[in-house]
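Asker: Take a look at the following structure, please.
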Amino acid sequence: MLGSLANAWKVPELRQKLFFTAAMLAAYRAGAFVPLPGINREVLAAGGLDQNAITGLFGVFTGGAFNNLSVFALGIMPYITAAIVMQLMTVAIPRLQELAREGEVGQQKITQYTRVFTLALAFIQSVAMVLFLRSGQFGPVLAGAGALDLFLVVVTLTTGVMVTMWFGELITQRGLGNGISLIITASILSQAPNAVRTLIEDGNVLTMVILAIIAVMIVAAIVFVNEGQRRIPITYAKRQVGRRMSQGGTTYLPLKVNMAGVIPIIFASSLLIFPVVITQFAAGGNQDSWLFRLAQVFAPPSVPYLLLYALLIIMFTYFYTAVQFNPIEHADNLKKSGGYIPGIRPGQPTALYLNSVLTRITLFGAIFLAVIAVLPYLITGALNLPNSIYLGGTSMLIVVGVSLDTVRQLESQLMMRNYEGFLRRQYR
């Protein structure tokens, strides 16, 4: 990784991309410390909102912006929820399926729909958060705020979501890596020092040693599975193309064990956070309310939450893998190019074989993601550790997965530029 960064630093265009990505992430992190208008500064000076299971979730994925009641308090979660719904609707609605097949033009329209949906979700969540803060559950946060002040808070929160989404899109277009994933990663890493400090204050030496060993093992397992692949042998027969006779040969088709990456974790987390938080906000501080009790049932680390979390991760792993890899298209491409899998007939039998292999290895990858995401909840519950490190497994999955994906993109950019430089030297 360090070698790739050093090589990228020597290329002016890549150096500019690195600077731009760092600048956007720095701007996002700066916004996490800009307080909302009309907020009681004494509450913020006392440490912001107290942590519980639900605010802890938001605190991790917003980099502490939620607990600090900053302009980016809602983070990027409304956008991710909107993206999930749009992807599911693309599969279910024929009109959206047609747009998805239209290439870049159709994708731009789907992106516009996602932005509009994000705006609607951000507004709803902003209103719910204002009602939640007015309940007084966390003290006089909005003491003395009038109707205009509350409206300004709603507008500011909604704008913060849209600006965060814009930062992510800019990073994807002009920087390095997936902007949304990098923003979530930056938020998680910003909370790591607080989690370590809490662990040191509340834990003992033996507990810290055990957790350190478990963390190293989890990171090693994440890297191993993310890099793991099933190689399908492909043989190309000799064939005549025009006046040339193309040489046959043998290569392989790599099928990754975890083709979906960290997307299922991010999707499942955000999809569970949204209804739980909205329900909690709507209940306000009334602990006798059925909404409050419902929120507690599905809040981490309850058993219903963990079961639903694992199930969603497995479902999204299969869903996103199906979006990324189409066995029928790959079988057709192999047939057109004269390639075949030894022992498998070209065409439909090849597609069925690829689908069978992909289904088996995806099952292992999906179960692995679910176990890594749920296991830290069980460990922290057994060791009676604080809420601030409940999301250790999820956080490590996202950080390691996004880091690996970003390094791969950086290396591909370096290879592409080296190849272009080679061609320029050859034909100079």
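Backbone N, Cα and C define each Cβ position, glycine as well.
Feature list, courtesy of TrEMBL:
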TRANSMEM  69-93  transmembrane segment
TRANSMEM  113-133  transmembrane segment
TRANSMEM  145-168  transmembrane segment
TRANSMEM  175-193  transmembrane segment
TRANSMEM  205-225  transmembrane segment
TRANSMEM  262-283  transmembrane segment
TRANSMEM  303-323  transmembrane segment
TRANSMEM  361-383  transmembrane segment
TRANSMEM  389-407  transmembrane segment
Asker: Where, among 69-93, 145-168, 175-193, 205-225, 361-383, do we find the most CB pairs under 8 A to the transmembrane segment (303-323)?
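Answerer: Per the Cβ count, the answer is 361-383.
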Asker: Restricting to the same chain and to residues at least six past its boundaries, which positions have a Cβ under 8 Å from a Cβ of the transmembrane segment (145-168)?
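Answerer: Sequence-remote neighbours of the transmembrane segment (145-168) are 24-25, 27-28, 31, 36-39, 70-76, 78-79, 115, 118-119, 122-123, 125-127, 129-130, 134, 178-180, 182-183.
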Asker: Using a Cβ cut-off under 8 Å, which residues of the same chain at least 6 positions beyond either end of the transmembrane segment (175-193) come close to it?
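Answerer: 14, 17-18, 20-21, 24-25, 28-29, 32, 59-65, 75-76, 79-80, 164-165, 167-169, 262, 266, 388, 391, 395, 398-399, 402-403, 405-406, 409-410, 413.
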Asker: Other than its close neighbours in sequence, what residues sit by the transmembrane segment (69-93), given a CB gap under 8 Å and a spacing of at least six beyond its ends?
Answerer: 28, 31-36, 39, 43-44, 48-49, 58, 61-63, 99-100, 110, 113-115, 117-118, 121-122, 125-126, 129, 133, 141, 156-157, 159-161, 163-165, 168, 180, 183-184, 187, 266-267, 270-271, 273-274, 319, 323
